[in-house]
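Only one structure is covered here, and it is reproduced in the block below.
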Amino acid sequence: MTNIRKSHPLIKIINHSFIDLPTPSNISSWWNFGSLLGICLILQILTGLFLAMHYTPDTTTAFSSVAHICRDVNYGWIIRYTHANGASMFFICLFIHVGRGLYYGSYTFLETWNIGTIFLLTLMATAFMGYVLPWGQMSFWGATVITNLLSAIPYIGTDLVEWIWGGFSVDKATLTRFFAFHFILPFIILALAITHLLFLHETGSNNPSGIPSNMDKIPFHPYYTIKDILGALLLILALLTLVLFSPDLLGDPDNYTPANPLSTPPHIKPEWYFLFAYAILRSIPNKLGGVLALAFSILILLIVPSLHTSKQRSMMFRPLSQCVFWLLVADLLTLTWIGGQPVEHPFIIIGQLASILYFSLILVLMPLAGIIENNLLKW
């Protein structure tokens, strides 16, 4: 009798994806973050579903409905803070996952990489719209500032902004549509994640050496299921520590003030995971230029595969490229710090230098390091 997991049409798909999947024997803990992203996504969908049962997308009641969730709903506070901090965990895992892809040359799997980039963009849109929903001061002004950026588009900009707003300012129509999109987008993200996995399993996983590992593969279960469970436990431990001890650590105090269109907060800033892009946006004095730099700071990931000049896939044996990579990490941390600072000296010039360095590292220094290393191999 054949095993049901190998013969049943549905279970067979799960078997080929998570049980009998041939996996390189040498993949490190940096490969754990894919499964952690899956856990984050499921967690966000579940907590979001329960929040949506009690939330009202109306400008007059949105703020008080969030307060009601935290005060009156059974364990509402833990659901709300798990959802808010779960987003932070999601982005931490995602940034590490992308960084791993850059370091070990996983971007040579073109379809997987491109779908991953679309995943990132969709997730950023979802998180932005979710931040607007509590209808606090930072929600309202963040929505106003970020949507207003589209007015920099020539000819159609102003009409486009008013079309997105559903009126002449961020108001009830905006909140309602943001709630609708925030609810539906995670399911689109789920579909993207499945497609991402589908393309990955066509080629098989990369590994730290960047060398094809077809001659040395092991089944995913039990080796990597155990490894992923350990990663998941550490993720949940970190998330629960954040939620139970300092749930507002990554939030903004301004968001505990109800939205007031007549009073602008002293420093308008997005959530921490957007600060690097926000710093790039602010570093360019021209509005259209800033918007283009902001878009390109993420879309640049799509052209990374065509900038690969090295004969080796991974950076494991490429010290020059490693230096450039870690310089990029340090630069992104600097941009994140600058994005949260007021627009004044010396932060303006630091932000401008960090922005120039960001694009220079990816567009010039990384390909250059690859060419130099190729020449060093000849010696």
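Glycine is treated like the rest: Cβ placed from N, Cα and C.
According to Swiss-Prot:
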type: BINDING; residues: H83, H182; note: heme b b562 binding site
type: BINDING; residues: H97, H196; note: heme b b566 binding site
type: BINDING; residues: H201; note: ubiquinone binding site
type: TRANSMEM; residues: 33-53; note: transmembrane segment
type: TRANSMEM; residues: 77-98; note: transmembrane segment
type: TRANSMEM; residues: 113-133; note: transmembrane segment
type: TRANSMEM; residues: 178-198; note: transmembrane segment
type: TRANSMEM; residues: 226-246; note: transmembrane segment
type: TRANSMEM; residues: 288-308; note: transmembrane segment
type: TRANSMEM; residues: 320-340; note: transmembrane segment
type: TRANSMEM; residues: 347-367; note: transmembrane segment
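Scored on C-beta pairs under 8 angstroms, the neighbour of the transmembrane segment (178-198) with the top count among 77-98, 113-133, 226-246, 288-308, 347-367 is 113-133. A straight line from the CA of H196 (heme b b566 binding site) to the CA of H182 (heme b b562 binding site) spans 21 Å. Cα to Cα, H83 (heme b b562 binding site) and H97 (heme b b566 binding site) are separated by 21 Å. Taking pairs at least six residues apart, the transmembrane segment (226-246) and the transmembrane segment (33-53) share three or more Cβ pairs below 8 Å and count as touching. By the criterion of other Cβ atoms within 10 Å of the residue's own Cβ, the least surrounded of the binding-site residues H83, H97, H182, H196, H201 is H201. Stretch with the largest number of CB pairs closer than 8 A to the transmembrane segment (288-308), among 77-98, 320-340, 347-367: 347-367.
H182 (heme b b562 binding site) is 29 Å away from the residue listed as 'ubiquinone binding site' when you measure Cα to Cα. Contact between the transmembrane segment (320-340) and the transmembrane segment (113-133) does not hold: fewer than three of their C-beta pairs are under 8 Å, each pair 6 or more apart in sequence. When the Cα atoms are compared, H97 (heme b b566 binding site) and H182 (heme b b562 binding site) turn out to be 23 Å apart. Outside the transmembrane segment (33-53) by six or more residues, the chain places 69, 79-80, 82-83, 86-87, 89-90, 93-94, 96-97, 100, 182-183, 186-187, 189-190, 193, 228, 231-232, 235-236 with a CB less than 8 A from a CB of the stretch.
The DSSP secondary structure for H182 (heme b b562 binding site) is helix. A helical conformation is recorded for the residue listed as 'ubiquinone binding site' in the three-state DSSP classification.
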